[in-house]
């Protein structure tokens, strides 16, 4: 019998649906991508059409097999990784969504969260879920749908409606409505899942007034959930994780103290804390991760709102560059920023400050400051913000970081990676394959069906493209970082958080 040697990872993101074929050595064979429509019905509201999510993802799957030049019979399994928190509610008999998906960025359920805060339940929610009471997470979105979509509450009470994050929706569609399932990393972002008991929490369901029957079964992140006939063959759907946890697993940050930073539009930093759910006192979230041999682990998570978006701003709004790749060239033309700090609080500040009212500023301008200094300050700001979160992680976990693994578009910038190493004093490891989010899903699926035997075997497939080690002396590092903290304090009263 010929061994099926390919894994397909479905990477369902906020702006596009992608499918990536990996071979038995975890090399990328082919990629297909389909963008889909963003809907903004009101200020602060963000929606996706669940049927368009499905059509874009299913067509990307069919296309990638053609691009790879492989038969559906060669596919050992399909893994899924997805945008987290985005909420879909549909009728289980017709398969039709009751409304558009409410996207993680959507703030429409703010009033629900404020009402619950006024009831004094914030600490209870935090203790059970590791999350802050915020519209970002799924629970308030589900409640909003049940309270505002005509007939939804009645259908839900009658047991006719199903809820799912995007992973659940994709599996349900792939299996033609046979399987209603999620896994712990996605469940942990709903604000209905007790991360300590690893079960749906009745008290939280009562708090948000959500019927238990709507919720999917929670299975391990590495398991065969069902089979799809979509590509014309009986293919196992066999491994899932939310995008950031999938990237953490794709980087094999499976031991306590290992951390990764994904440099995208924002920056997402996760640190594995092993079997201990560390409660943060420094503005981080506690969430579920995947550890060695796919056991449930915990992680600390911090998000920086403005990462690569700062570079887009330099290009699109200020016109200082014509291409993001130019930033390294201009930053390298000067030895430092000439005392300039750019605090990119365009939509407030994320972890560890959590100040929605902070606004951006360029500080320290003198007559000698020029374009190169401002561009360099923008790149340095991404690294400073990442250090803010890494320092918080070290304080919360009592584990000093010695290295951080990186992925995402901005890691191609050598200046940024070197400055990240310099300002943290931590070794920055850039992998050969930077598609680590999809790779995490592929690893989980491959382990579930026996393509790979263990996480130890996976370690042999990860290769490092380059390591960046600090060349900055301790005094310079301390002086520069103190300047950053002072700059942040000028735009936010929370700036002295460190």
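Keep in mind that glycine also has a Cβ here, set from the backbone N, Cα and C atoms.
If you look up Swiss-Prot, you'll see 14, 84, 85, 136, 243 marked as sn-glycerol 3-phosphate binding site. In sequence order, 104, 136, 137, 138, 141, 165, 189, 190 make up the list of same-chain residues 6 or more apart from residue 85 (sn-glycerol 3-phosphate binding site) whose Cβ falls under 8 Å from its Cβ.
Annotation comment: Swiss-Prot describes 14, 18, 265, 308, 409, 413 as ADP binding site, evidence class sequence analysis. A 10 Å cutoff on Cβ-Cβ distances gives residue 409 (ADP binding site) a total of 15 other Cβ atoms nearby, all chains included.
Sequence-distant contacts of residue 308 (ADP binding site), defined by Cβ-Cβ distance under 8 angstroms and a gap of at least six in the same chain, are 263, 264, 265, 266, 324, 382, 408, 409, 410. In three-state terms derived from DSSP, residue 308 (ADP binding site) belongs to a helical segment. Annotation source Swiss-Prot lists ATP binding site at 14, 15, 16, 265, 308, 312, 409.
For residue 136 (sn-glycerol 3-phosphate binding site), the number of other Cβ atoms no farther than 10 Å from its own Cβ, over all displayed protein chains, is 21. Positions annotated as glycerol binding site by Swiss-Prot, on the basis of sequence analysis: 84, 85, 136, 243, 244.
The candidate set comprises the binding-site residues 15, 244. Of these, 244 has the most other Cβ atoms within 10 Å. The closest partner of residue 312 (ATP binding site) among the binding-site residues, by CA position, is 413; the full candidate set was 18, 84, 243, 244, 413. Residue 18 (ADP binding site) falls within a strand segment according to DSSP. The CA atom of residue 18 (ADP binding site) is located 12 Å away from the CA atom of residue 243 (sn-glycerol 3-phosphate binding site). Other residues of the chain with a Cβ within 8 Å of the Cβ centroid of 84, 85, 136, 243, 244, the glycerol site, are 83, 86, 104, 189, 242. Neighbours of residue 265 (ADP binding site), defined as other CB atoms within 10 A of its CB across all chains, total 19. Per-site Cβ counts within 10 Å over the binding-site residues 16, 312, 413 peak at 413.
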